[in-house]
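Take a look at the structure below.
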Amino acid sequence: MTRKQRRLTMIGGSLVVLAIAAALVLNALRDSIVFFSTPVMVSEHHIQPGQRFRLGGLVQNGSLVRGDNLVVTFKVSDGSATLPVTYKGILPDLFREGQGVVAEGALDSSGVFRADTVLAKHDETYMPKEVADALKKQGHWKDDYGPQAGAVEASGKQGVSQ
């Protein structure tokens, strides 16, 4: 084998190893690439109970029920499908029916999503109340800043028990 053939063999072998490594990494990260799954995606992919993922959609109107010990149940909808959610903890300030939400947790054996983290989504015009008040006090407030809103992450790591 000549020197040129050995060099080409080494380059070709290195490219094959690199391609295999890239395929393995992409396969391992396949489920993490999507920030959240919608209720339709959950039903189409038949996610196994206990598998952690993020669920996103709108809190369905009329579905919010506050129980004892900070337990809250609601339904997340994407317009086509709906998934029941149970969460134990303090909800974000912006959490309300009809508002966008991303919850992290897992499905239980009965098909209820048990969330341990809930994020309320907001639009790009968000401004914390404290900042808006400070701007108004200093005379720098502009009416085109939009409505005052806030998004706060709530994490109830103690879990949900029923």
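Positions of Cβ are set from backbone N, Cα and C atoms, glycine also.
Here's what Swiss-Prot has on this protein:
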- 138-162: region 'Disordered' (REGION)
- 1-7: topological domain 'Cytoplasmic' (TOPO_DOM)
- 29-162: topological domain 'Periplasmic' (TOPO_DOM)
- 8-28: transmembrane segment (TRANSMEM)
Write out how many residues of the topological domain 'Cytoplasmic' (1-7) are helix, how many strand and how many coil, based on DSSP. 5 helix, 0 strand, 2 coil
Outside the topological domain 'Cytoplasmic' (1-7), at least 6 residues beyond either end, the same-chain residues with a Cβ under 8 Å of its Cβ set are none
